[in-house]
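What Swiss-Prot says about this one:
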{"type": "TRANSMEM", "residues": "8-28", "note": "transmembrane segment"}
{"type": "TRANSMEM", "residues": "54-74", "note": "transmembrane segment"}
{"type": "TRANSMEM", "residues": "84-104", "note": "transmembrane segment"}
{"type": "TRANSMEM", "residues": "129-149", "note": "transmembrane segment"}
{"type": "TRANSMEM", "residues": "179-199", "note": "transmembrane segment"}
{"type": "TRANSMEM", "residues": "215-235", "note": "transmembrane segment"}
{"type": "TRANSMEM", "residues": "238-254", "note": "transmembrane segment"}
Amino acid sequence: MFELIYPGWLAGILLSFATGPLGSFIIWRRISSFGDTLSHSSILGLAISILFQIDSFYTELFFMSFLAIILVWMEQLLSVSLETILSIISHSSLSLGIICISLMSTSHHIDLSNYLFGDLLLVTVFDLCIIALGSLIVLTILFFRWNSILLLTVNEELAQIDGVNIFYARLTLMLTTAICISIAIKFVGVLLITSLLIIPPATAQIFSNSPEKTIGFSILISIISVTGGIFLSFFYNVPTSPSIVLFSSCVYLLSNIKKLI
């Protein structure tokens, strides 16, 4: 049994080391819809990959990275709030992607179910290497840019006074998030990746009193959620990714039990 679920479990653990820190910054900056924007726009990236017969991973990575740059640029120049920009781009790119895929479905066989929900149990050794490399890149970037991104998150004006390049710090955070999502979508799915970015850090905040502890607890809770969700999926023969999200949500609710009573 363990041999069947081990690759998927290991993939989830490796992803946790990237989603934990990134999700924490996303919550601190109150841009939780950013993950939805990138994941929804990946549908358009999928349409492009089908049109040009390119591996969807590369088109999604390029497209989401490009979109992250555009979002940072628009946030810098426009007076509209970031949440408004994210909402407009999210639904526009999702709509365009769905229209493109529907037009191409007459000449291509397109199965969106795996893409929307993912399948963590179909991980190969090559996939594990990609996930490990991607998580390592994310952690390395965050390690070297920790002070500037944290200062930007705490107080943007203070960060500017301290000499932090605001545009570059924002771009770093959004690009690393784009890398993480483009890697995770294949295994977790478009509809659920944001949940894995948001729920564990939200739970971790209950037990933490510092940024470092929040990230540490977030990674730990992600690992617990992945482990519990995979076993739940295996024993009850239900989809893996929704099981992980549901398990993570239960952990969040149990952590808030004192407030709920």
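Note that Cβ sites are derived from N, Cα and C of the backbone, with glycine treated the same way.
These figures come from a predicted structure and were not determined experimentally.
Counted over residue pairs 6 or more apart, the CB atoms of the transmembrane segment (179-199) and the transmembrane segment (238-254) come under 8 Å in at least three pairs, which marks the two as touching. The stretch from 8-28, 54-74, 129-149, 215-235, 238-254 with the most CB pairs below 8 A to the transmembrane segment (84-104) is 54-74. Residues 8, 12, 117-121, 187-189, 192, 195-196, 199-200, 202-203, 221-222, 224-226, 228-230, 232, 260 of the same chain lie 6+ residues outside the transmembrane segment (238-254) yet bring a C-beta within less than 8 angstroms of a C-beta in it. Nonlocal intrachain contacts for the transmembrane segment (8-28), taken as residues 6+ away from its ends with a CB within less than 8 angstroms of a stretch CB, comprise 34-35, 120-123, 127-128, 131-132, 134-135, 138-139, 142, 149, 153-154, 173, 176-177, 180, 183-184, 187-188, 196-198, 200-202, 204-205, 211, 214-215, 218-219, 221-223, 226-227, 229-230, 240, 244.
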